[in-house]
């Protein structure tokens, strides 16, 4: 494939080659001409899917990328892109590959320094691009066609390999500049550079020796094992060694939780006591993809000895106190699978503790109330293999730790960035990615609190517009629970308008009769009846469930985390 091609057409064709089917975002005067080029890709499944606002679009791009592996969002210069920056920053923090395309004023207008609308009135057209440099792995503006293809390829390659957002600014005339199409016939380089053989062998030798000498080895899986695509290697490592394996909150769904070797969730000092004792007494910790944020570690309360630790990261390794830069964990894991002796590993593998939390009624509440310690273990029974589950910052993010997932569930949350309202936009991106995938029958399930819902509810409208069919659980507990637990238990600033008619949401947003179902559950009996309803479980239309829970009830881990956070905030 050679000859000339329009810059915008080249960009969209490359995205289509990388598996992106839907372009998210909001139209604006500086990106309209660029959007006209989407149809030139030539694939009827490659399309524009607009969002209700740019922030929701950025959240949706995050959710789409977590299911699909990559996503793209188009915004307009200044007002549009800054509306999206919170969502893009979240993707940067959480290692999610999002291509952010910004329609900018034309190159000719930029050269004049005109006081154009959507600017700060200072003639500087790179101000917003400079802002995004802090939350992007790579930033470029296409100002000519000569090297446009190479710049676009570099940006897309970095986005994928670094698993972080990139920024591509395209002036309104630049999308129609002519570029070479010759690269379209070549596959983008998406693999990490191979490790230095001598350094790699030294790392392998050290790890092998530690495994031989270990008596109580364990494996701990975290977020970056998922983000940097080593889950297949991790599964093979668990299968080979039989070592007890744990996940962090951000590592939920990284491994098969039906495995006999899955042993629970580690959250530092607020972990289940048996999990805490088992992992903190290890003499060999294989930590894969760690992202040690406060909510992911029980406010940094890990009690693990560095002298017993091997840390696997996307671009470096740490063995005990020695750092090995520029050593990619993917290749180390593949090499380990070849050199470790299975029978030797099996002889060191202790039996798991049988991690399985049962539903129980919370102290101080009636058995007719739906409490978190009852609901989340029961919710595990409702989940099916291959479900996509999105949980909101707050009670849902912590409650889901009490679920033991079926095989191949994809869990999406935002534990590090923690922007409330994220989950609704991410749900739309996720259900759209499922629709675009080879498995469009997978269920997409959202659990969101009433307070968070009020920030981003309009993206449910976009689901209805495109006939997407998520199951949406709304926790109706009268306001901001996590904030109340941290500070201001009865403060007015943690209150919201509690008079919303949740049963009216689909109809209000235009869902046709017989194309939606709504439910309100107030007791455990209501929940059990709903979960046994085959029509509900089939998810053949969009469904909204109002889940009424006590105002101050919360998952155990959240209660403990809130105490730690409150203490830190007062330091």
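Glycine too: its Cβ is placed from the backbone N, Cα and C atoms.
The pyruvate binding site annotation in Swiss-Prot covers 29, 118, 483, and the record cites similarity to another entry as its basis. A 10 Å cutoff on Cβ-Cβ distances gives residue 483 (pyruvate binding site) a total of 17 other Cβ atoms nearby, all chains included. Residue 483 (pyruvate binding site) falls within a helix when secondary structure is assigned with DSSP.
According to Swiss-Prot, the thiamine diphosphate binding site annotation covers 395, 418, 419, 420, 451, 452, 477, 478, 479, 480, 481, 482. Under DSSP, residue 477 (thiamine diphosphate binding site) is assigned to coil, being neither helix nor strand in the three-state scheme.
A sphere of 10 angstroms centred on the C-beta of residue 450 (Mg(2+) binding site) encloses 22 other C-beta atoms. If you look up Swiss-Prot, you'll see 450, 477, 479 marked as Mg(2+) binding site.
Summarising the pyruvate site geometry, the residues cited as binding it (29, 118, 483) extend over a maximum Cα to Cα distance of 39 Å. Counting other Cβ atoms within 10 Å of each Cβ, the binding-site residues 451, 479 show the lowest value at 479. Taking 29, 118, 450, 483 as the binding-site residues under consideration, the smallest Cα distance to residue 477 (thiamine diphosphate binding site) is found for 450. Within 10 Å of the C-beta of residue 419 (thiamine diphosphate binding site) we count 22 further C-beta atoms, all protein chains included.
When the binding-site residues 29, 118, 483 are compared by Cα distance to residue 419 (thiamine diphosphate binding site), the shortest distance belongs to 483. Taking a C-beta cut-off of under 8 Å and a sequence gap of six or more, residue 29 (pyruvate binding site) has these contacts in its own chain: 76.
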